[in-house]
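Here's the structure, in structure tokens; my notes come after.
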Amino acid sequence: MGSLFRSETMCLAQLFLQSGTAYECLSALGEKGLVQFRDLNQNISTFQRKFVGEVKRCEELERILVYLVQEINRADIPLPEGETSPPAPPLKQVLEMQEQLQKLEVELREVTKNKEKLRKNLLELIEYTHMLRVTKTFVKRNVEFEPTYEEFPSLESDSLLDYSCMQRLGAKLGFVSGLINQGKVEAFEKMLWRVCKGYTIVSYAELDESLEDPETGEVIKWYVFLISFWGEQIGYKVKKICDCYHCHVYPYPNTAEERREIQEGLNTRIQDLYTVLHKTEDYLRQVLCKAAESVYSRVIQVKKMKAIYHMLNMCSFDVTNKCLIAEVWCPEADLQDLRRALEEGSRESGATIPSFMNIIPTKETPPTRIRTNKFTEGFQNIVDAYGVGSYREVNPALFTIITFPFLFAVMFGDFGHGFVMFLFALLLVLNENHPRLNQSQEIMRMFFNGRYILLLMGLFSVYTGLIYNDCFSKSVNLFGSGWNVSAMYTSSHPPAERKKMVLWNDSVVRHNSILQLDPSVPGVFRGPYPLGIDPIWNLATNRLTFLNSFKMKMSVILGIIHMTFGVILGIFNHLHFRKKFNIYLVSIPELLFMLCIFGYLIFMIFYKWLVFSAETSRVAPSILIEFINMFLFPTSKTNGLYTGQEYVQRVLLVVTALSVPVLFLGKPLFLLWLHNGRSCFGVNRSGYTLIRKDSEEEVSLLGNQDVEEGNHQVEDGCREMACEEFNFGEILMTQVIHSIEYCLGCISNTASYLRLWALSLAHAQLSDVLWAMLMRVGLRVDTTYGVLLLLPVIALFAVLTIFILLIMEGLSAFLHAIRLHWVEFQNKFYVGAGTKFVPFSFSLLSSKFNNDDSVA
């Protein structure tokens, strides 16, 4: 609790690491995550640092491991992830691990290359087989011709030279056969016609089955072609065109006997290739399965090793180059653990001289360290999204745990919707160790990380839903209404009382569509409903007017209390930083300004609720009119809420008017008074020399140290600013801007809290409209078709409720609750100008397998 209220006390430590033990010491520190390293080599480029060679070695090992993971995933081999994280490898095992991984990579690349070559040869042979089968129908061999001449199919309509003429001319026919992609056939044919000027005969046939491309591995449709040409020059052009269109060209047999021999040889080779390829794949899978067993631990070890060398590059060497010096930020509560980690690292390395640490004083602002757990982490992230807290200032996350889900529930108040949200969050909490939730998509991972926020938002929404008496826009009568309708009838009262009251009879009930219950009639109002709004208001025509008045006043009350609490938390900051003058000159005037105006408004609301009853409600004055008259007519006498009201309001206005100049000028004048060397509350400073500070904030960083020469202490708030940096005009302008922002903000921020009322009204009305348009229509259908219609209506109602009322309305209320905390609450005390403590911890390293595995 104390750690969450304020960030931990930090100190700057200097680590002296022996060269032989530095790796082991940082490995022990990385396992515990205790310190944040400072870069002592900022002026040295990354490529000129001491351990850049070791970092490159780690990057080479990462490259090999990424390749292994890719091959394992390609083979559909599951990657086991261990439950425990292996430690960083000892230096003695690094070279051995590097040698093993390099040998494994060479072997895998060689086997994979052979496999791809065998697979490519197999696909080419299969293509060749299909080509021979299809082209057999293109050309029929005529045994009368000589073997050097080829025969075309009979083309009666072709006016080209016939075969006998070709023989007489001594023409030699040539053939080019192969496969071409289906999408290139038309362009390929046009190119052949234009280039060869028609001296080619092309035959096509589409393959019945799709084949895998040997080059790309893509399964596509192919066309088998056979090109007959005349002359060597034409043949040269045809082959060039085939190369341009990436055709798979295969030799065409000259005779039927040659075709048969080639076909038999192809079948034998295909069978042999299938056998060799299966054996190669089995061997490759065995190697990958063996590599998959240790790849998880290797990935983690290499990441840790790379992170260690990154931290070592931030260290500097002493003059002898035998000792590394590192500067780290460490919480004071972890100093003993830091010493033990250094001792453990020295012991593991077997060094005779142990590494040690030394705390050094500093005026630099330490980083902000706030310890969280899985429950508080989500709320801390909401605060950090606004800004990381300044060192040792009050942390709003502790109070956000309660106020954030409560303000959300005020805007989202519905028992049914809140219960559905609570069940969803409870399901995430109960299954938080499920691996799929941690590795889910981004949107689902956002819900999972905020599961405890959703749990409390749903729980608080159930509570506010009971207060509003809203369950899917319907009221629930749990305890019985406090209003009695029968008491309004004339027959319920004696004749003597009937003349004094407006009662009902049969004629009144019959001729009036709207009837009014009078709580002043005895027996009509029997007392308040035990919890929340009475369910009878759900039937009233003035229900919206009543709820608007109630929720609007509730929003103002909650907002003023929330902002006042923020101002009070600022007092704790001033006390901790020992600037008590800010309490008297800033915080108290702010509280007086807030309470004398808006605190008095809350008082009038509660006073009117408690004092005026149903009998006197008609003569009760309007709070709005009284509040306006307080400023416009402060001296006028009015029949107000209570006797002496005008005198109380005058006093409050005087106090408010006096607090404004104090807020504007008090702090600047006080600092000017200190700067001019005046005595501070009667304490004489003669004989003492105050240390000059760069700023007020640096006073807090020295903790309990002496800030004066000598042994005497004076009030810390009276410490003097640096002469060369004291600028009265700048201080005055800063305070005036802050005061104007606060005074105007009190009004605008109070109005901003009316969003609690507006969103609550919008949620209730939208829920009511959804019920009226769906459920009411489905429930009014007659019994014949009602059941059949009711099921899809209920399903549609559930879907729209989830997507519109739970997700969209829930997101709207979530964003408005964030705004109320960031702007209206936190700006009263929270600076948020710090830097987050980022420890050197191996737990922050990703252990997932991907192509970008690297250590940031």
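Yeah, the Cβs are placed from backbone N, Cα and C, and that goes for glycine too.
TrEMBL lists transmembrane segment at one of the ranges 451-468, 757-774, namely 451-468.
Ranges compared are 24-58, 94-128, 234-268, and TrEMBL records coiled coil for 94-128. Listed as Cβ neighbours of the transmembrane segment (647-666) (distance under 8 Å, sequence separation of 6 or more from its ends, same chain) are residues 584-586, 588-590, 592-593, 596-597, 600, 630-631, 634-635, 732, 735-736, 739, 742-743. Contact between the transmembrane segment (451-468) and the transmembrane segment (406-430) is present: at least three CB pairs lie under 8 Å, with pairs separated by 6 or more positions in sequence. Here the transmembrane segment (584-607) has Cβ contacts under 8 Å with residues 553, 556-557, 560-561, 563-564, 567-568, 570-571, 574, 623, 626-627, 630, 641-642, 649, 652-653, 655-656, 659-660, 662-663, 666-667, 670, 742-743, 746, 750, 828 of the same chain, all six or more residues outside its ends.
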